[in-house]
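Shown next, in structure tokens, is the structure this report addresses.
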Amino acid sequence: MAAVAVAAAAAALRARILQVSSKVNSSWQPASSFSSSSVPTVKLFIDGKFIESKSDKWIDIHNPATNEVIGRVPESTKAEMDAAVSSCKRTFPAWADTSILSRQQVLLRYQQLIKENLKEIARLIMLEQGKTLADAEGDVFRGLQVVEHACSVTSLMLGDTMPSITKDMDLYSYRLPLGVCAGIAPFNFPAMIPLWMFPMAMVCGNTFLMKPSERVPGATMLLAKLFQDSGAPDGTLNIIHGQHEAVNFICDHPDIKAISFVGSNQAGEYIFERGSRHGKRVQANMGAKNHGVVMPDANKENTLNQLVGAAFGAAGQRCMALSTAILVGEAKKWLPELVERAKKLRVNAGDQPGADLGPLITPQAKERVCNLIDSGTKEGASILLDGRSIKVKGYENGNFVGPTIISNVKPNMTCYKEEIFGPVLVVLETDTLDEAIKIVNDNPYGNGTAIFTTNGATARKYSHLVDVGQVGVNVPIPVPLPMFSFTGSRASFRGDTNFYGKQGIQFYTQLKTITSQWKEEDASLSSPAVVMPTMGR
């Protein structure tokens, strides 16, 4: 039965990729075999059309639960990437001059279409990325919330005025779009992260070049089709595909004014440096090592549930996964119960009923996670729960790692210093809250952290002293809702303006200030003033 389900799921994905992205060649049909020459190809989206790439370089898309090839995505050619930017540049003046109310209406229609197609988008995510269907729906929903927030643009883009700054003179400023903006998205949130980017940028009047992860392009392609159906003019949103060459193209192209990136530290540092060197605004959300500090007065049952869910959900492939627990004082005694609770999680393919977590994205990701677990044992830590040898019936070729808990971890160990990005929770122990705060602050990352306590003074002390951009109090994954901004800090972020919220609007716009004087009478002096104007002195 499992094999039948796998085949059906793969067939469904092939059919949807074809339906969404092969508009230019309606005679092409998916073949019944899985050979690399017959699986559906993901198209480019340029000037409002889904176009077959002329590239001779193609990347296989795999179902992480089976490692079967379910699609192929091109590495866009230089000419194709140039055409995409040219389309953005050509359509920018008209889109920027479009009434903000009209742009708002496009986004209002878009959020409704996302709601209507949420389950279909989630299924694409599940097949390409490996998430459970429930988690994939959450991926889409959190992106949808940003789209809904973007619909408030008429309030978010209000300017400032100061009348009568001096006699007959007024001062006012307003926000204008930048031009062509670009986004580079990761594999772990195929819907949410693109929806952090292009809706916010485009409602401000920018046009947008999107490069989804080559591992999970399906959701972005469907989101682009829905955006077009919402009334967005052709050419305002364009999509290219690729790897290193596409990234360099985005960083270097003179017509691209701003870059949004989410992904690894290595890639983020590179993009920030190269893009900034070419005069672009860059915002880069990067790696993390998120700590959950457990105080002995915490609500025990709630805390254990929160730790397990935040550590192992999405197989740990979240930049806000709670990958590190610090047990303070008597909370150390809860460790056996934490292990027992994690053992109950069900590992399976994402579409299987009752699955709590699915596979990792690639065999290479699985190997890396297993090697980091190995490093813990070699460096003196203890493995209390080992998920390396897990086998999922019917999905023996999948990239599965079960929940893993490593105790007796020290800050100098590799499994602590590295971002694992898998279903692994490393556990440290301290005697005091101050020791826990020092551990968190000595770590270079600053994405998120959480404290579990019933003491308000303890929570306040931790929130104020910890050097992390996003703090949860009895909230394990403190990702802000989009009326606020995603405020990772230190080594987890590069740039000076964060994603979505008010800062998202600031990133995608520039200020223009007008100083205006309308005199009722003609000048009483016959000679010009050559000293610095003081305006109101």
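Just so it is clear, glycine is given a Cβ too, placed from its N, Cα and C backbone atoms.
Feature annotations, reproduced from Swiss-Prot:
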type	residues	note
TRANSIT	1-34	transit peptide
MOD_RES	K49	N6-acetyllysine
MOD_RES	K49	N6-succinyllysine
MOD_RES	K54	N6-acetyllysine
MOD_RES	K54	N6-succinyllysine
MOD_RES	K57	N6-acetyllysine
MOD_RES	K57	N6-succinyllysine
MOD_RES	K78	N6-acetyllysine
MOD_RES	K78	N6-succinyllysine
MOD_RES	K89	N6-acetyllysine
MOD_RES	K119	N6-acetyllysine
MOD_RES	K119	N6-succinyllysine
MOD_RES	K131	N6-acetyllysine
MOD_RES	K131	N6-succinyllysine
BINDING	A185, F187, K211, E214, R215, S264, E419	NAD(+) binding site
MOD_RES	S264	phosphoserine
MOD_RES	K300	N6-acetyllysine
ACT_SITE	C319	active site, nucleophile
MOD_RES	K332	N6-acetyllysine
MOD_RES	K366	N6-acetyllysine
MOD_RES	K366	N6-succinyllysine
MOD_RES	K378	N6-acetyllysine
MOD_RES	K378	N6-succinyllysine
MOD_RES	S382	phosphoserine
MOD_RES	K393	N6-succinyllysine
MOD_RES	K502	N6-acetyllysine
MOD_RES	K519	N6-succinyllysine
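Features per Swiss-Prot, on structure.
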residue: K54; record: N6-acetyllysine; Cβ contacts under 8 Å, 6 or more apart: T77, A79, E80
residue: K89; record: N6-acetyllysine; Cβ contacts under 8 Å, 6 or more apart: G179, V180, T207, D255
residue: A185; record: NAD(+) binding site; Cβ contacts under 8 Å, 6 or more apart: I193, P194, M197, M210, K211, P212, S213, T220, V262, G263
residue: F187; record: NAD(+) binding site; Cβ contacts under 8 Å, 6 or more apart: Q129, S213, R215, V216, Q317, I361
residue: E214; record: NAD(+) binding site; Cβ contacts under 8 Å, 6 or more apart: I59, I61, V73, E75, H241, G242, Q243
residue: K300; record: N6-acetyllysine; Cβ contacts under 8 Å, 6 or more apart: W334, E337
residue: K332; record: N6-acetyllysine; Cβ contacts under 8 Å, 6 or more apart: E429
residue: E419; record: NAD(+) binding site; Cβ contacts under 8 Å, 6 or more apart: N265, G287, A288, K289, S323, Y445
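Summary: among the modified residues (K57, K119, K378, K393), the fewest other C-beta atoms within 10 A of the C-beta are counted at K393. Applying an 8 A CB threshold to same-chain residues 6+ apart, the list for K78 (N6-acetyllysine) reads E245, F249. Of all the recorded positions in the list C319, K366, K378, S382, the shortest Cα-Cα distance to S264 (NAD(+) binding site) is found for C319.
K119 (N6-acetyllysine) sits 13 Å from K131 (N6-acetyllysine), taking the Cα positions as reference.
Distance from the CA of K366 (N6-acetyllysine) to the CA of K393 (N6-succinyllysine) is 18 Å.
Counting every protein chain shown, the Cβ of K49 (N6-acetyllysine) has 14 other Cβ atoms within 10 Å. Of the listed recorded positions, namely K211, R215, K366, K519, the sparsest Cβ surroundings within 10 Å are found at K519. Counting other Cβ atoms within 10 Å of each Cβ, the recorded positions S264, S382 show the lowest value at S382. Here the CA atom of K131 (N6-acetyllysine) lies 28 Å from the CA atom of S382 (phosphoserine). Counting other Cβ atoms within 10 Å of each Cβ, the lowest count among the modified residues K131, K502 belongs to K502.
DSSP assigns K211 (NAD(+) binding site) to a strand in the three-state reduction. Note on proximity: among K49, K366, K378, K502, the modified residues of the record, the Cα nearest K519 (N6-succinyllysine) is that of K502. Here the Cα atom of K378 (N6-acetyllysine) is found 31 Å from that of K131 (N6-acetyllysine). Around C319 (active site, nucleophile), a 10 Å sphere centred on its CB holds 25 further CB atoms from the protein chains shown. Under the DSSP three-state reduction, S382 (phosphoserine) is assigned to strand.
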